[in-house]
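Inspection log for the structure reproduced underneath, given as structure tokens.
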Amino acid sequence: MSMFEDVTRALARQLNPRGDLTPLDSLIDFKRFHPFCLVLRKRKSTLFWGARYVRTDYTLLDVLEPGSSPSDPTLLGNFSFKNMLDVRVEGDVEVPTMMKVKGTVGLSQSSTLEVQMLSVAPTALENLHMERKLSADHPFLKEMREYKQNLYVVMEVVKAKQEVTLKRASNAISKFSLNLPSLGLQGSVNHKEAVTIPKGCVLAYRVRQLIIYGKDEWGIPYICTDNMPTFNPLCVLQRQGSTVQMISGEMHEDFKTLKKEVQQETQEVEKLSPVGRSSLLTSLSHLLGKKKELQDLEQMLEGALDKGHEVTLEALPKDVLLLKDAMDAILYFLGALTELSEEQLKILVKSLENKVLPVQLKLVESILEQNFLQDKEDVFPLRPDLLSSLGEEDQILTEALVGLSGLEVQRSGPQYTWNPDTCHNLCALYAGLSLLHLLSRDS
């Protein structure tokens, strides 16, 4: 992960813990995430480990009929952050035979980041909605309609108030130093990084979905379900004054919802033939620990789905094609796996070889089930049976796997320290383990 991503993710956590503020991934794209910019949501995004959006070259104003410009976004507040990337420094902790936990010392940030939060005012949106109709024949809208793409409008942004150069130096790759040569996680690297963030750079943002109905009517609902498409002439919208709102039931985000979501996606993968599942496992096994290649595969599948192309993976027989629902499900799990660190991905490869994925899945499921809505850091007991069946090496692998998500497991007790900031990463780990467990059951 780049330093810019570290900064934007840390900023989003500080301003809106476990909320819907999305950190910007790429510095070069910041001009395409200003208020009223149109963006695409990556396929199979989920709020459980963070939705991701892709830039377009258009704004909402570009696809409306000509008319008056909306008023400037409203300033919601100014904020200042210093040493945002500093982490807690821990002393060396010896764990039996094969693992040493080290604090990531030497990480520093020498500058103060000053930001401001800006939002499109409700009155500005209402006036725009009343005064300007949709340009129904706009080529961009025609293309998006043809490929059934959902469009989202940037409604709120966090911007840098001044140009700032952030620096850091680190003397370790990760928190864990495992004495397992096959994982390639030993050793440390001394490196320095710096990133210059220009004045006005968007660092994080909030979006709302654009809904298009009729020939030239549009709306930006306050509430919108995932299965509501942007282009839907049959959708029912209610007007309250000049505000368009979607009729929608209340959504509950808890562990049961995550579990149901993951089960639905695994069911689609399960529909593959045994040969297809085995070949998919082979392909993923070669890519785990190679995060860039996983991301490339994700982009390739997204592009194929957008254009309606058939897809085969390298390890799949030529007659085993991935149908759309299976590709959607694989994209969902790729999104989860790419949220994990390369160290975690390498540990998953070893865990797969050692056949300990079922235990690891139960452990993560138990922790999330107990603490999903817990918003304070605390120490909780761990069921002894969750780790007692593992040998020494497998227990260390499992502790490191969840530890790299930010969850500290202590054998004394046993117990673990829950940190709400780790929830998103643990959700991604839960989904990744669910897929690999399913695929490895036949092997």
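Note that Cβ sites are derived from N, Cα and C of the backbone, with glycine treated the same way.
Checking the ranges 164-179, 212-227, 244-259, 372-387 against Swiss-Prot, the transmembrane segment annotation falls on 164-179.
Within the listed segments 78-95, 348-365, 420-437, Swiss-Prot records transmembrane segment for the stretch 78-95. Within the listed segments 11-32, 99-120, 121-142, 275-296, Swiss-Prot records transmembrane segment for the stretch 99-120. Swiss-Prot assigns the feature transmembrane segment to residues 183-197, out of the candidate ranges 33-47, 183-197, 303-317. Look at the Cβ of each of the binding-site residues A10, L11 and count the other Cβ atoms within 10 Å; the largest number goes with L11. For A12 (cardiolipin binding site), applying a Cβ distance below 8 Å and a minimum sequence separation of six or more within one chain yields G19, L21, T22, P23, V158, A204. The Cβ neighbour count for R9 (cardiolipin binding site), using a 10 Å radius over every protein chain in view, is 19. Cβ environment of R13 (cardiolipin binding site): D421 lie under 8 Å away, each six or more residues apart in the same chain.
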